[in-house]
Structures are given as C-alpha cells and as structure tokens.
Amino acid sequence: MGDDRPFVCNAPGCGQRFTNEDHLAVHKHKHEMTLKFGPARTDSVIIADQTPTPTRFLKNCEEVGLFNELASSFEHEFKKAADEDEKKAAAGPLDMSLPSTPDIKIKEEEPVEVDSSPPDSPASSPCSPPLKEKEVTPKPVLISTPTPTIVRPGSLPLHLGYDPLHPTLPSPTSVITQAPPSNRQMGSPTGSLPLVMHLANGQTMPVLPGPPVQMPSVISLARPVSMVPNIPGIPGPPVNSSGSISPSGHPIPSEAKMRLKATLTHQVSSINGGCGMVVGTASTMVTARPEQSQILIQHPDAPSPAQPQVSPAQPTPSTGGRRRRTVDEDPDERRQRFLERNRAAASRCRQKRKLWVSSLEKKAEELTSQNIQLSNEVTLLRNEVAQLKQLLLAHKDCPVTALQKKTQGYLESPKESSEPTGSPAPVIQHSSATAPSNGLSVRSAAEAVATSVLTQMASQRTELSMPIQSHVIMTPQSQSAGR
C-alpha cells in the first residue's frame, strides 16, 4: 500500500499519501490557502477592536473627565481659586483681593456705573442667568490703593510706561477695579491673591499686575454716570429711568452659582480689609467718588457714557410653531379656504367656457347667414337660366322668320358664300312694314338683330336635310333701319 502512494504530506496533523508529486503539490497548496485561527496563534499579539461606537465614546468621555468639566467647570475653577485665596490669606493683610471672577464690582459712597461692552451686543441667550449683585460697605484698612485698571479682553493696551495687562483673548468677561485720585501711588500688595481670568473656552489664564507707577488721569468723571453693559450671549439686566440696575429684574441663580456666591461672601467677611466683591456674571459696575478720576480701556465702538442702554427684549422663538399649531387646530377653516379657492377656480372656468361658446355661436350664425345668401344667389341664377331657355324656345318658331321662309326660301350656301367656312351664316334683319324708316330707335334695332340671330340658329337645325340653296335677301327697310 505504501508503494502505491509514496508521496506523504508533511503538514502537521495531516498524513495523506498521493500517487504522484503533482497531487501532493496541489494538496500542500490547499494547506497554504487555509486560514488557521487555532490555538497555534494564541501566543501572537491580539489587536483590540477600537471601533468608535457610541457606548465606547461615552465611556472614553467619562474616563477623560469631559462630562465633569462640562457640568462643573465653572464651580471647579472657583473652588480652586478659593482654596488658593484661603492659603494665602494667612500670609499677610490684603488691600484688595481679585479671585478669578469674570466681573468684579466695588462700591464706595457715590455710585458711578460704567459700560464696558460694545453697543451692538444683543441680550438673546437666556442660558446663563446673572446673579443678584450684593453691595458690601467698604472698610479701608491700608492707605495705599492699587492703581485703577480696567481690563477689556481684545481692546487696546495702555501705553503709559508700564507693563500692560496680559489677557488679549476675546472674551465676554471684563475686570474693572476702582480708580483712586490721580495723585496716589500704586502700592504693591504684600500678600495679594493672583488674578485669574476665566475664558469662554473653559480655561483659566493668570493675569499679573504691573509695577507701581504714577498713573495720570485720562477720563475725569465729574458726576455719577450709569450704564448697563451688554455682554454677547448673556442677557443684560433691566434698567430703570435713571439708568441704575433694578435688582428685581434678575432671574433666580442656579444652585452652583448660589454656592459660589456664598463661598465668596464668606471669604470677604473673613478678610479684615479691602472691599466687598460680589461676582456678577452679566454686568460690571464700578463706583467711585465724583471728584476721583478713572482710567478706562473701553471698546472703541462703545457709546457715550451719558446715555443708558436698555437691553432689548428677547424675541419669542415660538411664533412659527404657534402659527403651525393654529393651522393644525383649525381644519375646518383650512377646508373652508380650500373650498373657496375651488369655487373661484370653477367660476373662472365657467366664464372662459361661456366666452368660448358665445364666440362659437356667433361664428356659426355668420356662416349660416353667408350660406343662406349664397343659396339665394344660386336660386336667382337658376331662374335666370330657365328664363333664357324659355325665351330661346319661344323665338324658335318666330312668325316673321316662318313668313320669310315661305315667301323666299332663304338659305345661304357655304360654297358660294364669300365668308370662310364656319363663320356665322346669314344675318336676317326683320323690320316692321308698318313702322316708318326713320322711326326705329337703336333699342328696337338691337332687339330685331337678336331675334333674327335666334331664329337663324333654330332654322339651321330644321333645314339641314333640305337641298343646299343659299340666297341672301336684303329688304329695303333694313338698309334704312341700319342708317
């Protein structure tokens, strides 16, 4: 048996034998073409399936912490800033602390409100409701006050000989501090907190104040001026007739913002110096004495500070939906309009059909009258033909012609005639014997000629069988009649 099939397959687990080498080669090729997923390949590297399914996407987001950042990024940043403030509070007294807040309000005796937003920023997004701003009576402890600065991201820096503030990214937040009199020097706070700006994309950016320099006054505010800022994407608070903010118009803050406000209030009360600061997410109010000057970096398109701005009312987005609902709720009215349109179209169609039918009737009447007229003409012509036939038959046996035939036997032979063959045969002119030669008129002569011609034509048919003898008879009366 082994001699019949000497070629053995050397594949593991296969001991088949073949009679020739070609069969063995084909068999080995089958082994090569077979995919092997058995335990022999368990020691190899297994590639993990990373198809981006929704479940895996959500799992990755939870592992990275994206949902936590979306939910509590604002609260997390403020907690971090509050912890840093508490750690540095024990180091030394503070003249003014600036936590990482988008807006800071400082109040003194006489309020002056300054707008720090462009005039064309509408209040349309009700997503982030502003907080009710609280005003705390300041307790100045130190003599030196920091130099007044108003930071407007995206605005022009101060060119006054000192390092400008660093935030230049466009953001709807602004930091405004109090402006002291122009003769004051900036005192470097010994234990001041770092100023952290919270940007719109969820990141924080530290802001370092510049060295102490003498700041000249740029804008002198002689009287209190009030304006309401309009920050893009945040609804502005309502403004009364005097331009001040009405606290009753603010919506109820969220739970996270309430906790943040409580934390900041506790921090302000723990510090025995500086001034009260309350975060207002929608507006920024700067108060100062009327005699004090203030340096303001403001948007170049900002309006004059003497005109208060009132935030426009939010448009109601449910107008189209309400219209659709009213249409859906009134199917009878919709059917009524549909029937009215159908009736109007049917009336127009009837009017067009009437005009078409009337034009056809008018054309038919015209053709009928024309047909009647033509039929009348045909009848008249037929009557005239009948009368002519009767006249011809009546003159066939004229008595004058018969008398001439009896007396003279008139016939003209075509051979002896000087006229060519086929010409009219003899012309017989009749004349009345009783009428005088000069008494015939032209009409009577014409009638006589016509009568003679008709008589000749009738006599030619009756006398063709007779012997051909032609004689021309001219009466003397005819010559006188011809004259």
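Positions of Cβ are set from backbone N, Cα and C atoms, glycine also.
Between Ser128, Ser188, Ser423, Swiss-Prot assigns phosphoserine to Ser423; no such entry appears for the others, which is not proof they lack it. Of the listed residues (Thr53, Thr137, Thr147), Swiss-Prot tags Thr53 with phosphothreonine; the rest carry no such note in the record, though that does not show they lack it. As annotated in Swiss-Prot, phosphothreonine applies, among Thr51, Thr316, to Thr51.
For the residues Ser171, Ser311, Ser413, Swiss-Prot attaches the annotation phosphoserine to Ser413, which does not rule out the feature elsewhere. Per Swiss-Prot, the SUMO1 cross-link annotation among the candidates Lys87, Lys107, Lys132, Lys362 falls on Lys107. Remote same-chain partners of the region 'Leucine-zipper' (360-388), defined as residues 6 or more beyond its termini with a Cβ less than 8 Å from a stretch Cβ, are none. As a whole-number mean, the pLDDT of the domain 'bZIP' (332-395) in this prediction is 94.
The modified residues considered are Thr51, Thr53; of these, Thr51 has the fewest other C-beta atoms within 10 angstroms of its C-beta.
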